[in-house]
Amino acid sequence: MAKPIVGIFGLTGCAGDQLVILNCEDELLDLAGALDIRSFHMAMSDNDEDCDLDIALVEGSVVQPEEVEMLERIRSRARLLIAIGTCAVWGGVQAMKNEEQREKLKRQVYGPKGKDFGIIPSQPLSSFVRVDYAISGCPIEKDQFLQAALSLIHGDLPVLPDYAVCTECKMRENSCLLLERGELCLGPITVAGCNARCPAYGQPCIGCRGPVEEANVASEVNLLREKGFTLVDIQNRLRTFGGQSEVMQVAPTERGR
Amino acid sequence: MNRENIYFPHLAQITRILPQIEDHKLFGLTFVDKSMKDNFSYRPGQFVELSIIGTGEAPISISSSPTRPGTVELCVRRVGRVTNALYNLERDDLVGIRGPYGNGFPVEELEGNNLLLVAGGLGMAPLRSLLWYTLDNRERFEDVTLMYGAKIPDEMLFKYELLSLLDRPDLRCMLTVDKDEEGIWPAHIGVVTTLFDQIEIDPSTTYAAVCGPPVMYRFVLEELLKRNLSKDRILMSLERKMKCGVGKCGHCAIGYKYTCLDGPIFTYWDAINLPELI
Amino acid sequence: MSTKTITVGRVCRIEGHGGITVEMKDGRPANVQMDIIEGTRFFEPLLVGRHYHEVTPIVMRICAICSAVHAVTSLMAIEDAFGIKVSPQTKLLRDLLVQGGNIESHALHLFCLAVPDFLGYSSVIELASDRPGEAKIGLELKNLGNKIQEMVGGRAIHPVNAVVGGFGLVPSEGDLVILREELEKGIRKALATIDLMAALEVPTFPESPTLYAALKPPSNKFGLFGNKIVLSTGETMDVHAYKDLCNEVTVAYSHAKQSRFRERPFMVGALARVMLFGKFLSGQAKTACRRLGLHKQTDNILYNNAAQAVELVYSIERAIEVVDELLHRGVKKERPRHAEIREGSGTAASEAPRGTLYHSYTFNKKGRLTKADVITPTAQNCANIEKDLRASVERAGKDPVDALREKLQMVVRAYDPCISCSVHLIDLRPEAERG
Amino acid sequence: MKMVKLQKKNLNAFLAGLEKFGDLHGPVRRDTNDFAFQKVDAPEQIAHDCLRTILPPKKYFTKPVDTMFTFSEAEGYRAPDKDLHTKIILFGVHPCDIHGIKILDLVFGGQYRDEYYFARRRNAIVVGLDCMPDEYCFCRSTGTDFTEDGFDLFLSDIGSSYLVRVGTSLGDDIVLETSTLFQEIGDTDRRAYKRRSAQRINSFEVEIHLEDLPEIMDLEYESRIWQELGDKCLSCGTCSMVCPTCYCYDVVDQLNLDAKSGSRLRRWDSCLFKDYALVAGGHNFRADRGSRIKNRYFHKQRGFVAQFGRPSCVGCGRCIVSCPAAISLVDVLTKLRSRGNE
Ligand SMILES: Cc1cc2nc3c(=O)[nH]c(=O)nc-3n(C[C@H](O)[C@H](O)[C@H](O)COP(=O)(O)OP(=O)(O)OC[C@H]3O[C@@H](n4cnc5c(N)ncnc54)[C@H](O)[C@@H]3O)c2cc1C
Ligand code: SF4
Ligand code: SF4
Ligand code: SF4
């Protein structure tokens, strides 16, 4: 089988997902041998800006018109476009206050000089182009990325978890923070794959991997309300990473403080 | 491990690939191990777990008849990971096979009766096994009728093989297409159920074997029941999500039955008792 | 009068998206700009209204490479606001975490981003096919930094285990013992890096008088923490007065907010630290510093790579020291210190791989954030980068444009700019205006 | 059944003397109220007040993530040889969990025997321990509060001693190994045991009736209860993970760096996950959560009865205490009986 031709791109984000790729220290050279990487601005010069790609891995969210163009260009070159990281999949932390005016934020930070900037609310790739596959995580998990890459090299589509963090949390036999300590844990509605990292460190899941498919947010909100959390606090947490996902748009019907 | 490991696939070589219709191909497989090749026996209606190593496994009905040993034939539709990976293989490549699994058609019980096979779409895959089994043991059965429907002529599986059966005196072969815009179809036109007007069913001596997409069952069952066929003489081959094929992984459980152990052949009476079955 | 514009649309092998624009008038650089073309993320306003304990996980997402030091600095600022005193063990573990980040970041920059420059390769992968030994050393060092961050921070990027008041789960003594062995091996690799750097010719084209700034370590030992800022002019100030140094201005051509000290650009980062406090280095790091000629003052930014190599040795030695101290004291399973919430502000600074990093927050009496200010090293360096770019162009003479472009990229890369960091409040100039 | 007596003060000495039979595993405290079975270096680490571990002992026999075999061009398929043959002593297994293991024996046995499961079963010595129910235990209702087999030794608390029932010949060997620690039982012990037993029986706070439950379940197949539960259920999978008799798994092939060799893994799955019954072509036999949660109850309380003659729930209460959405099996079954399809 011919080596897949690959491009790795970054839009707006922290570059963490590209760094995860570079963090595959033990595997990087094998990986580079099995893939024909033509574009990876963060790690190489001599990038081919025109070739057709079998796989485009795109990190980061779209926050400005130029990025829409960039993304469309990548899409037109790529057979498979894979969104990597929560920014690319859900809009990322920068999508947190999308419902508040970005213009207002801009003025707050730049004052009047900022008025010419072209800014659009932070959005995931799928708002603009077809995304064939989404590997979420803030940042993506190294093992998951490697397995996905190996599947692609093998000629298959990757298999990713479609169940919640709680499942992995129980497999690890963590003490449940939601039930035992009454913490605001998003494990029940966040997609697994991190091996319930935060609960294993005694920290509640803050949902950095984004919502699980068919997340029952209404039930999660209810049970958190019953535990005494205010709607504002719950909303804040839901939208930290899942800001752009529809399921997280719980209506602010009450103002709890 | 002192006993046979039930999860190990046996290597088999792809000896033949016959494209059928778009995204459906018939694969002829021969076991690499000689004793497997000689001793692999099965019933019509049983299935195997097909392994593409590194990709995964999928349950696939055996399309060939045990009366013609040596090669196992699988008719596979390309839908996902495993089936896709199979399509990337070529003649002489190796795959893995476990099985045969499932109950299969109760052929001994069917002997001495009239048989009505009703298939739609990919449902022909398991029924082809039963069809050739009856044809190769023709003397053991009374009247045998096949009804098979496809949307258009180009979507009929095993088309030439089946067309060649049209003139066979010991089989009533009724092939139909829903539509034939090019006007090339030599047989009946109309959905499968329209074929029922052309036949007589003696409920006391007939078994029906039905396999097709979920929507087809409803209409075919209606016809069969109208003709007073008893509920446990209607046999259906059903599909479920399945991982292990041997009753461990749980996926194919419906109520109190496992599709892989108690099925995939169920009677209509089973279906009534298992609300989720169809 | 002839006008010519030289642009580098996109500098490769840096973290984030940045370009360079040089306008030449009559053969002299009239306007030199470091364009930041990364999108805006508005971190500060995003934090407003959040509970104090939610701040760190969000703000560390400013940058992946420096997430550990962002996390630690953010926690220190929060603790400053509430007057939380963390345990000596927490301090040590945080030091270890930050050293891990420093090792990872410097190894990444040296081997994956900068060194290929000196050796003429387009990437570490290409380097590996020709000089596998060197690529391997680089990747192993990077991996060592990540191991520390994973063990202490719970994740190599965006540490989840560092929380207000301490750590969620304290690493076990057994883990530390294993880590120590790895660190010992790491020293040898870091020294090999010094050999590699010593063999490199450092070009002089960007040289121009430079003002350095860094945090002053509390004792006369090289370190990445401190409460006082020192400049190479000798001036010092308290970190709480960081605004006097970094009075950020939004630049008319609308890219980075820039920092200048009394109208002068200044440089922060490994080179600044080694220039100001290299004399406090000890052990193998001290020898390495001499070997690479950094005991003498230099105004050449291209020496920043050498300074990073020296710090690689330092950080590993320091990590061993911390591990030893932790083992000596005996690791206690302590829970994070409790926060007494009160109204007020807190500020903290640390030396991130790329230079001094400031976090400053104000909280209301419910512990919700009302104001945040984060000043990253790259933002501080922007003006200085432009200064060095200008010097390079002036010195370039009759260089062909392509060669000049390469040189300019090399200058930018030497700073190891972290654009995600800087754009927490920087925006793009539209393509059309960039010329 | 052979019975002997072991003074409580001798328990640790007894356990410490079992080294040659395998590694000692028992419940260890994880957090204030949480316990987990794990390997201990010394018997003192075992938490004797553990009523319910987070995961049941099934994790020893069918692991959360388990290698089914490795594959490579050079070596073909190979069964994992690691960890199938480690000998362990599992101390502190309560009756409900012993019944859980017995149920898994049924599932993994039969026409197609899972030799991985049985290899691990053979290598585990089960030392049972009696317990006092809390407000979530309903093993009395499921008939699993007492067990006559499924253990090598079973310890019942009779005050300052344990009454030890010897269940297998291997169990007897273990007793003989440190025979000096054991004594014959006497009349006071017999009385103490009966007192304890009566006290235990009277301590159950929860009671549900399971006798005709299959019929009730059939009657309530269309009950609105299922939809209500579906609205509440988070599909988080917790109940399936913690249940001693949930055994479903998913299979994935994992590749090594050469993208050719690798291993086939199975991983605990749950019938509450959306894609559990999703087949190629996009048809989902249980697309909504209500029908999935109904399936879980049906399979345990109805399907298993038809297949093996008994429900597969052993009344341990784990799914009740660990459900984040506070769905209680006892409540559901009680409601089904009392309320039904209004
Ligand atoms: C007893 C039995 C006998 C069977 N016999 C045969 C047979 O003879 N021939 C045969 O071809 N198949 C047969 N099947 C079906 C076959 O097992 C599945 O098609 C196969 O498992 C698919 O495996 P895969 O890895 O290729 O697909 P997967 O990668 O598992 O992909 C399937 C998944 O992809 C999605 N998907 C795939 N296609 C579509 C689509 N068109 N629309 C929406 N979503 C889609 C669905 O989510 C589905 O779950 C049988 C199944 C059973 C249980
Ligand atoms: S701690 Fe969080 S993730 Fe873990 S089981 Fe509890 S709710 Fe789920
Ligand atoms: S537990 Fe939650 S917040 Fe932590 S890594 Fe996993 S998904 Fe992210
Ligand atoms: S269904 Fe619940 S109570 Fe019953 S055995 Fe499983 S976890 Fe225990």
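Glycine too: its Cβ is placed from the backbone N, Cα and C atoms.
In TrEMBL, annotation is done automatically, which means it is predicted and not curated.
Record check, TrEMBL: [2Fe-2S] cluster site residues include B:CYS244, B:CYS249, B:CYS252, and the candidate from B:CYS211, B:CYS260 also listed there is B:CYS260. Mapped onto three states, the DSSP output places B:CYS252 ([2Fe-2S] cluster binding site) in coil. Residues B:CYS244, B:CYS249, B:CYS252, B:CYS260 make up the record's [2Fe-2S] cluster site, and a Cβ search at 8 Å around their centroid adds B:MET242, B:LYS243, B:GLY245, B:VAL246, B:GLY247, B:LYS248, B:GLY250, B:HIS251, B:TYR258, B:THR259 from the same chain. Note on the binding-site residues B:CYS244, B:CYS249: the fewest other CB atoms within 10 A surround the CB of B:CYS249. In the three-state DSSP scheme, B:CYS244 ([2Fe-2S] cluster binding site) is classed as coil. When DSSP labels each residue, the domain 'FAD-binding FR-type' (B:7-107) comes out as 14 helix, 47 strand, 40 coil, counted as helix, strand and coil in that order. Note: B:CYS244, B:CYS249, taken in sequence order from the binding-site residues B:CYS244, B:CYS249, B:CYS260, have a C-beta within a distance under 8 Å of a chain D C-beta. Within 10 Å of the C-beta of B:CYS260 ([2Fe-2S] cluster binding site) we count 27 further C-beta atoms, all protein chains included. For the domain 'FAD-binding FR-type' (B:7-107), the model gives a mean pLDDT of 92.
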